[in-house]
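Here is what Swiss-Prot records for this protein:
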| type | residues | note |
| --- | --- | --- |
| TRANSIT | 1-43 | transit peptide |
| REGION | 108-133 | region 'Disordered' |
| BINDING | Ala312, Gly352, Cys353, Gly354, Lys355, Thr356, Leu357 | ATP binding site |
| MOD_RES | Tyr505 | 3'-nitrotyrosine |
| BINDING | His574, His578, Asp650 | Zn(2+) binding site |
| REGION | 751-795 | region 'Disordered' |
Amino acid sequence: MAVLLLLLRALRRGPGPGPRPLWGPGPAWSPGFPARPGRGRPYMASRPPGDLAEAGGRALQSLQLRLLTPTFEGINGLLLKQHLVQNPVRLWQLLGGTFYFNTSRLKQKNKEKDKSKGKAPEEDEEERRRRERDDQMYRERLRTLLVIAVVMSLLNALSTSGGSISWNDFVHEMLAKGEVQRVQVVPESDVVEVYLHPGAVVFGRPRLALMYRMQVANIDKFEEKLRAAEDELNIEAKDRIPVSYKRTGFFGNALYSVGMTAVGLAILWYVFRLAGMTGREGGFSAFNQLKMARFTIVDGKMGKGVSFKDVAGMHEAKLEVREFVDYLKSPERFLQLGAKVPKGALLLGPPGCGKTLLAKAVATEAQVPFLAMAGPEFVEVIGGLGAARVRSLFKEARARAPCIVYIDEIDAVGKKRSTTMSGFSNTEEEQTLNQLLVEMDGMGTTDHVIVLASTNRADILDGALMRPGRLDRHVFIDLPTLQERREIFEQHLKSLKLTQSSTFYSQRLAELTPGFSGADIANICNEAALHAAREGHTSVHTLNFEYAVERVLAGTAKKSKILSKEEQKVVAFHESGHALVGWMLEHTEAVMKVSITPRTNAALGFAQMLPRDQHLFTKEQLFERMCMALGGRASEALSFNEVTSGAQDDLRKVTRIAYSMVKQFGMAPGIGPISFPEAQEGLMGIGRRPFSQGLQQMMDHEARLLVAKAYRHTEKVLQDNLDKLQALANALLEKEVINYEDIEALIGPPPHGPKKMIAPQRWIDAQREKQDLGEEETEETQQPPLGGEEPTWPK
């Protein structure tokens, strides 16, 4: 049934003689199915003539579209005739099923034609070619499967062997029941061939196989053993099983083995030729599929996707990549001046800053084919696949030129090639990189394929990849500035239902999140919306944004983690020490919030400072940062005369600042104005240092002096303000969370003047105006979060 269905759906008839198709015009060809007058087609007398003729006519007319080749027409006719004589109802079901599949495919083609309406002519032509390639591939697959199915069916039909049996099965299931007709002994193979009577019943079922093989240990005494078994079964002499011997020589066995091997190789060659393993275009073989580049095609002409106006911030980066778009749209402006557009651009920057987003915008704006592929998709465990995929990618790009090729995370294939010094190498990655270098700037390079790549690890890229002529333009996308963060916040806030306008929140949130990437900002906006929905608010409030910022910075409050009274007291004095030192010193940031609620990031409490967009730091500013970080440890020592492990992260920060001041910033008098790069660990954790062991000891000594000086200064600040430290700790134990206004009410204003806080004047004026006018917020516009009124920003 399956073979016949494949025959009907996959093959087409060519010219040449052959048996007449069974449904063609002519005389009736089978009993029980008289021919309908004037048509010569069979019909079933048990069904209504009108309905049957109409349905059968449609089915047979559809089947005529799938005409058979001369090679298999005779086989198909024989199968159909046998099937018809044995079970005509099943034949009708088969024809009806084939008609259903054919009409279903016709409907699917009509749907595809309807979908293609309204598309551009280029898109419709491209879609047509793609469908033709797919249809050709499917036809080749069906032909291959058909050949395999027919060969296996014929071999199975011609073979009468039922497999191997044991001596016990032979005696009890065949010999004792009288099913054995004769046996034939093959001495060279120690095999006995057992031939059964037609229609023999073996193991309780009728068997079509009439020959079984039996392995015998002592072939010379087989006949004697057989006669003894017949005597035990009381078989008469006239009914004894005849035994014959078949001897094959060495050359006969060799010829048989060579012939079977040749037949198998011929079948494999034929299958591989049909499948395209010989390199023919359009092949569907597994190896060809592995060699093909798995890129994503972005069509900017569809009008969908990300445009430059959707990318907030990154003004300089957008200006640089826009030149590629302008060149592809109107190259004559550049060519008439003799200018050459760069061959490629490398987008650099920290994670989450929008490198891939900018590439998506280029894909939409360029209005040319955009082939995107990730770097890790080039490398596989099979050698040579990476280079093959690079060739496949650029071959497709040159066919679609002008075109843009985008490789995301290019560091996966663009790492520096190994040298003889290292002793380690990855040949597959190096071959992939070499092929990429040749395709980007080699003998067959064209000027109409532009390469964009992105990575956040430019330091490990190979120098040949970074040189002019390949990735000759390096676009650095840094963390967004204050203005860029405000634009990014406004872009993400547009999709949220806010209590106020998006510009009402964007400025404060931008000032509250220095050092945040675009991905972090998107995460904050999403967390605020999720929190508002979880709390049942009808719009996103200020408290929701504060919760989102706090969650990103310190994690979610872990209320299930209950601290003992002693631990709560230690944490309260620890965080109060940080807050008090930061409050009393001049060059430290303002304390926004102090909490002793445990967090999911393993922190038992935190003091949230207001960070600043600052790129230059003086020695005094760095020193006071060290003092503020040591405030928790010093507060524990003064309050309890012992220290805990809670200051581990603080000590790590202090150590990093101290060594940076000594080794990189040249701020240690004993070392002088010299700078060394950060330590780079090599193989086995061993790094090469550009300074001597003696200088290392001097730098260690200077760093220890800085840390000791900062700790003494911190202790002095806390000792002079023990009452304020106690007041802050008691307030934390009572409320668990205090903010800027609470601290100012407890210990007074900062001694060096008010700290810089985020309080836009329009926010304060809006709050005062609402209080003066006595406005009442309705539930539809503003629902009080967490059962209370929405708090104002700290002043």
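Just so you know, glycine gets a Cβ as well, placed from its N, Cα and C.
When Cβ atoms from all protein chains are considered, those within 10 Å of Leu357 (ATP binding site) total 17, not counting its own. Spatially, by CA atoms, the recorded positions Tyr505, His574, His578, Asp650 include one closest to Lys355 (ATP binding site), and that is Tyr505. In this structure, the C-alpha atom of Gly354 (ATP binding site) lies 22 angstrom from that of Tyr505 (3'-nitrotyrosine). In this structure the C-alpha atoms belonging to Thr356 (ATP binding site) and Tyr505 (3'-nitrotyrosine) are separated by 27 Å. Straight-line distance linking the Cα atoms of Cys353 (ATP binding site) and His578 (Zn(2+) binding site), rounded to a whole number, equals 31 Å. When secondary structure is read from DSSP and collapsed to three states, Thr356 (ATP binding site) falls in the helix class. Here the C-alpha separation of Gly352 (ATP binding site) and Tyr505 (3'-nitrotyrosine) works out to 22 Å. Asp650 (Zn(2+) binding site) falls within a helical segment according to DSSP. By neighbour count, meaning other C-beta atoms within 10 Å, the densest spot among the binding-site residues Ala312, Cys353 is Cys353. Nearest to Ala312 (ATP binding site) in space, judged by Cα atoms and limited to the recorded positions Tyr505, His574, His578, Asp650, is Tyr505. Taking the Cα atom of each, Tyr505 (3'-nitrotyrosine) and His574 (Zn(2+) binding site) are about 33 angstrom apart. Each residue in Glu575, Gly577, Ala607, Ala629, Leu630, Gly631, Gly632, Arg633, Ser635, Gly646, Ala647 lies on the same chain as His574, His578, Asp650 and has a C-beta within 8 Å of the C-beta centroid of that Zn(2+) site, without being one of the site residues. The Cβ centroid of Ala312, Gly352, Cys353, Gly354, Lys355, Thr356, Leu357 marks the ATP site; residues of that chain outside this set whose Cβ lies within 8 Å of it are Val311, Met314, Gly349, Leu358, Ile477, Ser517, Gly518, Ala519, given in sequence order. Look at the recorded positions Gly354, Lys355, Thr356, Tyr505, His574 and count other Cβ atoms within 10 Å of each Cβ; Thr356 has the fewest. Sequence-distant contacts of His578 (Zn(2+) binding site), defined as residues of its own chain at least six apart whose C-beta falls under 8 angstroms from its C-beta, comprise Val594, Ala607, Met628, Ala629, Gly631, Gly632, Ser635. DSSP assigns Ala312 (ATP binding site) to coil in the three-state reduction, placing it in neither a helix nor a strand. Listed in sequence order, the residues of the same chain lying 6 or more apart from Asp650 (Zn(2+) binding site) and placing their CB within less than 8 Å of its CB are Ala629, Leu630, Gly632, Arg633.
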